[in-house]
């Protein structure tokens, strides 16, 4: 499976082309729109979420509610584009109109300045538009398709916020993936402990009032993963490495860990490694999951537990100092529309990219032209593992 996305934040639309989805997968626009709606939710989101109400158009690769095995084309219209017709015009326009929304005061923490230098832009909007988190709309759409495949082969995925701007959320022990999914979806701030709900909302309100932003830590958990996805044979086939790359590719993500993650560096080996046992009913199991479901770059049958660290959103309503790229004089950074936090939405994106990587790996191991063959291959493999 592979894909490309295209489109600018305030352009006419966003597009994705996905190749490698097996034929026979039940799929409708509704399946994708549900996740697009989740991405636009969460406490603290701004006015653009009220403008867009994203709806996907499937223009190829699906017929009568089932995939055809051919490339799937997805499009999401940017409803806000009607207000940007001159600024985002494909054709050349008058110089005075170009200057109307030109960006020359780069925002610290964004791609503005470095993108302008790299591509020789005198209007930093050219970098801003594509580097915007608006692009993640299509990655969520792609992830929605990936999750449909995972569900068909008994793999489920969920996410929740574990740290909100320095405030750590106490997570109840031994929650299942399904329980996490339900609890997180019932929370406006995507947490699984309702006793923290109002505290986090009040905190977001105070941050917004101060013109500031906050980041945090998001945890994604995947259950029902077969043993042996990924490989130890080559560095670039390690599945945890592929997931790490995908997570850090999300806008504003600055770190990733699995299981105990960085805490492992403060512990002894006897405190970290997961003891192995065997039962007739379950086969090989671990007595703990400190390694987050991975050994040697391969899944070991335990749930995948991966956390991503999201920095605070760089666009500040009380902007930091920057420089005018024309005069090189000190200047306040440009202010674009922004939110105090986007953690709940980022959790949906993280869930999507993890699902996409997993499906790509599944389709590589169990190469199948159609969903029937895929499900049979996975079933046969699971049976083999249970009797190893």
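Each Cβ is built from the backbone N, Cα and C atoms, and glycine gets one as well.
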Of 102, 332, 337, residue recorded by Swiss-Prot at the FMN site of 130, 131, 132, 251, 252, 296, 311, 312, 313, 314, 315
337
Ordered by sequence, the long-range same-chain Cβ contacts of residue 311 (FMN binding site) under 8 Å (at least 6 apart) are 109, 215, 252, 253, 254
Could you state the CA-to-CA distance between residue 130 (FMN binding site) and residue 39 (NADP(+) binding site) to the nearest Å?
18
Identify, in sequence order, the residues in the chain of residue 315 (FMN binding site) that are 6 or more apart from it along the sequence and have a CB within less than 8 Å of its CB; answer 'none' if there are none.
107, 110, 213, 335, 336, 337, 338
Rounded to a whole number, how many Å is the Cα of residue 39 (NADP(+) binding site) away from the Cα of residue 313 (FMN binding site)?
16
To the nearest Å, how far is the Cα of residue 313 (FMN binding site) from the Cα of residue 45 (NADP(+) binding site)?
12
